[in-house]
Amino acid sequence: MKTLLLTLVVMTIVCLDLGYTLICFISSHDSVTCAPGENVCFLKSWCDAWCGSRGKKLSFGCAATCPKVNPGIDIECCSTDNCNPHPKLRP
């Protein structure tokens, strides 16, 4: 009886698929585990009034789908852990 119960518990765990959660950067050095359903990491960059002297503004994060591209905004999306690093920190 114990063997049957143990087998059922193991099969339940295997069949439930405990789920994979993606990890994405949210800043230059910090990352976060994305919420369920958020399956892509993104890096959004754009110029503001100080772009010439300070460089582009950056926004990092998780999303369910790749954010919409608008004029003047560059977006990179990916789907592996920590795949959206700061451009200066890329290998």
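Using the three backbone atoms N, Cα and C, a Cβ is placed for every residue, glycine included.
Among the candidates Cys41, Cys47, the disulfide partner that Swiss-Prot records for Cys51 is Cys47. Disulfide annotation in Swiss-Prot: Cys66 is bonded to Cys77, selected among Cys62, Cys77.
Record source Swiss-Prot places Cys62 in a disulfide bond whose other cysteine, from Cys34, Cys83, is Cys34. Across the structure, Cys41 (disulfide bond) and Cys83 (disulfide bond) are spaced 7 Å apart at their Cα atoms. Among the disulfide-bonded residues Cys24, Cys47, Cys51, Cys83, the ones whose Cα is located within 10 Å of the Cα of Cys62 (disulfide bond) are Cys24. DSSP assigns Cys83 (disulfide bond) to coil in the three-state reduction, outside any helix or strand.
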